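Enquirer: Below are the features I grabbed from Swiss-Prot:
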BINDING   H112, H116, H122  Zn(2+) binding site
REGION    141-160  region 'Disordered'
Amino acid sequence: MPLELDLQVASAAPDLPSEAQFRAWCELALRQRPESELTIRLVDEAEGLELNSTYRHKDYATNVLSFPADVPDELLDIPLLGDLVICAPVVAREALEQRKPLQAHWAHLVIHGCLHLLGYDHIDDAEAEEMETLERELLAELGHPDPYACDDEEPPSKEK
């Protein structure tokens, strides 16, 4: 059974990726769990700010929030990984500020969020290195550049 993706568009931002692009990025990141279900919700800054404030106590809209599901796999037909909330205006602004191709930045954040749903994290240096290495490898498969190549420090709105 393939990936079950629920794409919710609650953003008026221009130049959003297609559902097919989101699906391809998720399938790449979730190769180890191809039979999975997740929701991606695209939001504007007001909703992104509200969610980041409520769940992370941060007073700004971040690029991606991940909400892993807490339902045992054996209770479901398809394992529910969780939800990703992506703030479209933040993604566009970051791509411009960081001089990254917009589609490459979208791909990176979707892959990054999916890896969080799989349990990867970047709280300590060793975990960050493992997660970032995997992100680089997956993005390279798509022909996208290393998203961390120009980073002097941790990106300011990277989501846990």
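Numbering starts at 1 and runs along the chain as displayed.
Positions of Cβ are set from backbone N, Cα and C atoms, glycine also.
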Enquirer: Counting only other Cβ atoms and using a 10 Å cut-off, which of the binding-site residues H112, H116, H122 scores lowest?
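Expert: Comparing Cβ neighbours within 10 Å for the binding-site residues H112, H116, H122, H122 has the fewest.
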Enquirer: How would DSSP class H116 (Zn(2+) binding site) in three states?
Expert: helix
